[in-house]
Amino acid sequence: MPWWLISLTFIYRLFLCATIRTVEAPDEWWQSTEVAYNMVFGKGHLPWEWRYGLRSVFFPAVVALPFYLLKLLGRDTTWAVWFAPRVLQALVLTLIDVSVFRMGATLDELLAKRELELAEEMRQSKTKGFSYFREVFVSRSRRGICNSISYTALLLSLSNWYMAYCGVRLYGNVIEALLVLLTLQQRRYVPFLLLTGLASAIRVTSAVVLSPLVFRHLANATREHGFTRGLFRIVLTGLIVLVAVLGGVMVLDYCFYGRWVLTPLAFFRFNVLHNLSRFFGEHPWYFYVGPVLVGIVGPHVLFTIAAPLVLWRDTASRAVSRPVLGMLGIGAWTLGFYSLIDHKEMRFVFVVIPLSLITAAFVLVRWSRTSAVVVKMNRLFVLFNIVMIYLMGYVYRRGPLDVMAEVRDGPRINRLDVIATCYTVPGYSYMHRKVNHLGFVDCSIDLDEKTGLPKVTEDIMFRRYPKEYVLWRYDGKHSFNMGDLEESRKASELQSVVMPKSAPHPDAMVMTRAVAKEIEEPFLKRHGYRLYRTFLHSPLTLAPYEDIYIQMWVKVTK
């Protein structure tokens, strides 16, 4: 991939990372930039997973590097602390694009070699027949269209809506996808193991995703050194790399947690073996293989699933059957494995996108030679993705980041409370030095020692009784009718979870318009708050407990 194209790709990815204003899930802040901010600046809230040692500090430590550099140089301004992770994420996305291009280029080389062989066979043939005229027609129809898998795959990667929408966010899933792509390109066993170890340090499930590739390296080793020696080399090298990577991760986690903890095992036990992640939402087994695959790959998935047909009918294409079927196999294995876990999110299978797009590019190049309809379909699909990037990246659910932009550009606030559902907005990493104290509805999970199930949280109480929660938290009173048995039960439930007057009245409050209407008379106006600004969150709301508008209220000082 030429350097000028890499530079343009990075500029495009940086533009997306810096301008996209919508939100997807709280983990894009609270498992990355907020943890990194806490590591460097010693301030902020850590989600409950970090209390139980479920996550390795490896990924947040990578994010913390630009924070530490800014702090060391004394350049940690509000804007710089916000912008630095965007540069890092743009670099990760660009490397994914480069990997997509390189893997596509490998297919190009194999196809070009095979086509040269076929052309030579035809020239040497005395009776050319129908195949000769077909080859002439194909060569002519290739004029004026892109017949490069690498460039087509890059185009699909740059235009894919979910790659732009999710890839700009600092999820561990995105850098995991990069490491998986790099791993797939390794022919030597040691680099393969090292990259697999790094991917597993970020998300332990990567080890399961990449496990089928071990058999490929085992086959190569036994072919080169014999079965016994080859197996011995594979096992011994694997153990050495495993101890090195796992030991390094444990030392890094010890520095953060202050105790020895095997985070991959804790994560795997909690989310996979005990399946406790199901309390954050459950989906049917076909969720990934049905709506998610179609959703994240987009309409180009039609070309992806057509790859076996192309390999079967096109003689020249069989030269790339192993890598193409390998990518399809890894994608299917990934979807199948994650389908066994009840808690499912689209970003968990982010790595499937580049693999699917490379395969789709292969089909596009082969079919576009003889079909103008395929070329038009591709253009239409790319246009669809561009529209989706705009809607999902700049329109749908943009309220929280608009609030953060307002805080970054506004005067310093002593105390800002976000009265909304769990982790609706980012923390200090998005408003460095602009807010002295950030308060929010606590949703830290505490497991019951007897049942092993999560206890009721403040967030649950807020969802059930938003007005009463605010009155009880700040004023130590509620409006439940204690003479009514059901109302009395609700009051007791609230009092058992939320401490009365547990927070002072903040200088500013952020909440949905629906909550503001409910507490405007009994709380906001009573304590001298006025509406500062209303932010459009989304033209329509599909998620529960959301609203079309988010409002900021400020306390008027007399």
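Every residue, even glycine, has its Cβ placed from backbone N, Cα and C.
Per Swiss-Prot, the features are as follows:
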CARBOHYD  ASN220  N-linked glycosylation site
CARBOHYD  ASN275  N-linked glycosylation site
TRANSMEM  53-73  transmembrane segment
TRANSMEM  81-101  transmembrane segment
TRANSMEM  164-184  transmembrane segment
TRANSMEM  190-210  transmembrane segment
TRANSMEM  234-254  transmembrane segment
TRANSMEM  292-312  transmembrane segment
TRANSMEM  323-343  transmembrane segment
TRANSMEM  348-368  transmembrane segment
TRANSMEM  372-392  transmembrane segment
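Listed stretches 53-73, 81-101, 292-312 were compared with the transmembrane segment (234-254); the greatest number of C-beta pairs under 8 angstroms is found for 53-73. The stretch from 164-184, 190-210, 323-343, 348-368, 372-392 that makes the most Cβ contacts under 8 Å with the transmembrane segment (292-312) is 348-368. A contact links the transmembrane segment (81-101) to the transmembrane segment (348-368), because at least 3 Cβ pairs that are 6 or more residues apart lie under 8 A. When each of 53-73, 164-184, 190-210 is checked for Cβ pairs under 8 Å to the transmembrane segment (348-368), 164-184 comes out on top. The stretches the transmembrane segment (53-73) and the transmembrane segment (190-210) are in mutual contact, each linked to the other by at least three Cβ pairs under 8 Å (pairs 6 or more apart in sequence).
Highest Cβ pair count under 8 Å relative to the transmembrane segment (164-184), across stretches 190-210, 323-343, 372-392: 190-210.
Here ASN220 (N-linked glycosylation site) comes close to TYR189: these same-chain residues lie at least six apart in sequence, with C-beta atoms under 8 angstroms from its C-beta.
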